[in-house]
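What TrEMBL records for this protein:
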- 12-39: transmembrane segment (TRANSMEM)
- 76-98: transmembrane segment (TRANSMEM)
- 105-125: transmembrane segment (TRANSMEM)
- 131-151: transmembrane segment (TRANSMEM)
- 163-182: transmembrane segment (TRANSMEM)
- 188-208: transmembrane segment (TRANSMEM)
- 276-295: transmembrane segment (TRANSMEM)
- 315-338: transmembrane segment (TRANSMEM)
- 359-383: transmembrane segment (TRANSMEM)
- 395-413: transmembrane segment (TRANSMEM)
- 420-442: transmembrane segment (TRANSMEM)
- 454-473: transmembrane segment (TRANSMEM)
Amino acid sequence: MPGFVNSLMVKRCLTLVTGLLECLCFSGVVFGWASIVFVLKKEGYFSSLCANTTDANTTGVNATQELDCSGQDEQFSLVFTIASFLFTFLTLPNGFLLDQFGTTVARLFGIFLYTTGTLMVAFSTAALSGLLFPALSLLAAGGNLFLLTNIQVGNLFGSRRSTVITFFNGAVNSSSAIFLVIKLLDEAGVFLLPSFLFLSACSVIHLLRTFFLLPRDHIPYPLPDDYTYGITCGKSKSLSLEHITANGTSQTTAEEVEDVPVKQEKSFRECLMSRLFVWHTVWLSVMLLRHYLFMGTLNPMLLRLTAGEPSLVNQYTNAFAITQLCGILCAPWNGLIIDRLKGKPRAEGESEQEADLRASVLSLFVTVLQCVLFSVCACIPYLPLQYFTFVLQVINRSFLFGGNAAFVSVAFPSCHFGKVYGVVVALSAVFSLLQYACFALVNGPLDGDPLYVNIGLTLLSLLAFIHPLSVFLHCRSLASQRAINASS
């Protein structure tokens, strides 16, 4: 028996480590768009949209020609807008797919999408620039399924569940640095084709994890004592009504099970109609829009602040990509906040879910505060300050994605996790489409100056403070109700 327990713990730790590597290297690569755009521009993608313009201050033979590539920038922004939208919106159908068909089917579909996307980028050329639209969209869809199927790994680690969940989301944030690696390889003479062919070949690793280190269906929570998963050489020791231990002391009969009261879970519709769901969706949506617009317009913003100096643009682009690597280090702080507060002694009669909700209030509040600070720094057109903006952005993005998954996992029944998580993220993705309208507004009426849009988004971010306040009031209401019931 000790040998079985040890091998089970080794397998769970291996599942965790390989899952983190999968999310770190593959899941969120589309968010490294600012790095790969630098390479794509050099290769001439969408270069036909650049046009020569004449300087109005010179005439005749002294007239100077300037290259206007705003159309090219707009097209690159559209590619990222669609890909980032799909990464979030497709969580809805992907969540239903996971809940309905299980982990194996969902992952096989995700591997197919991801491999197809990497092959399309590998064989794209400047003449086939349009391939970037389906290619990045497929990378986003496949990466989303990698994350979604790995989040449930947190269920294997009990009291550290929130920390593990935020770890995975932090790894997704850090995976945007993969495009920085590809950019640096390109500068060293390794072109896009071999880099993306290598990413395609890594699908073999995804397949091995699917069959050996993940369940065919789902990982339950709370976890049964003898729960096993994946393809094993021995017989699986999962709990059932017929399970009897060797000494006969742990018999469980159907009659005994019938005497145990069954907790009535909320229906999926009740989850969607709850105040917690509504304000959590608003909380995620406004901050997601702020982050997506910042990442999608980073290259034009740096061009403006550096007066088009290529070496400076390259320097700050690399700095942004390097800070993204720290996402995996920042995200667990959020999970530790939740798990630490959840570990405090519960009040008499307080349920585990109430304790989880109470523990999430500080996490939700800190995440909004970070976003407001990051947005304020992004509003200030001072180039050296952007280093600090990059740091705040990666910390807040790590807290945002990790906190979202952790909150949904504790606030709603686990049987509806995939669906509720999918609806929340999908609605926020629809809202994030406003980023393209904001980009068009900056390029058009605002003549390339994003100041007023940034100020507007900062004010909009303040709306997210309502959510932690709402959860706090909800917990206080539950505590008051318990006190009334106890005194009566």
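In case you wondered, yes, glycine gets a Cβ from its N, Cα and C as well.
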Distant-in-sequence neighbours of the transmembrane segment (188-208), which means Cβ under 8 A and at least six residues beyond its ends: 22, 25-26, 39, 43, 107, 110-111, 114-115, 118-119, 121-124, 146, 182
Beyond the flanks of the transmembrane segment (276-295) by 6 or more, those residues with Cβ under 8 Å of it: 31, 33-34, 80-81, 84, 88, 357, 364, 367-368, 371, 374-375, 378, 393, 396-397, 400, 404, 407-408, 411-412, 420, 423-425, 427-429, 431-432, 434-435, 438-439, 453, 457-458, 460-461, 463-464, 466-468, 470-471, 474
Chain residues outside the transmembrane segment (315-338) and at least six past its termini with a C-beta under 8 angstroms from it: 20, 24, 31-32, 34-35, 38, 160, 162-167, 169-174, 176-177, 179-180, 183-184, 298-299, 302, 306, 356, 359-360, 362-363, 366-367, 383, 386-387, 390-391, 393-395, 397-399, 401-403, 406, 410
Residues from the same chain, set at least six apart from the ends of the transmembrane segment (395-413), whose C-beta lies under 8 A from its own: 151, 154, 161-162, 165-170, 172-173, 265-266, 271, 276-277, 280, 284, 287-288, 291, 326-328, 330-335, 338, 353, 356-357, 359-360, 363-364, 366-367, 370-371, 373-374, 420-421, 424-425
Segment proximity, the transmembrane segment (454-473) to the transmembrane segment (359-383), 3 or more C-beta pairs under 8 Å: yes
Recorded stretch, among 76-98, 105-125, 163-182, 454-473, maximising Cβ pairs under 8 Å relative to the transmembrane segment (131-151): 105-125
Chain residues in Cβ proximity to the transmembrane segment (105-125) (below 8 Å; excluding those fewer than six residues from its ends, i.e. six or more beyond): 26, 43, 45, 94, 97-98, 131-132, 134-139, 141-146, 148-149, 192-193, 195-197, 199-200, 203, 206-207, 209-210, 214
Surrounding residues of the transmembrane segment (163-182) on its own chain - C-beta under 8 Å, 6+ positions past either end: 16, 19-21, 23-33, 35-36, 39, 143, 147, 150-151, 153-154, 156-157, 192, 195-196, 318, 321-322, 324-336, 338-339, 394, 397-399, 401-406, 409
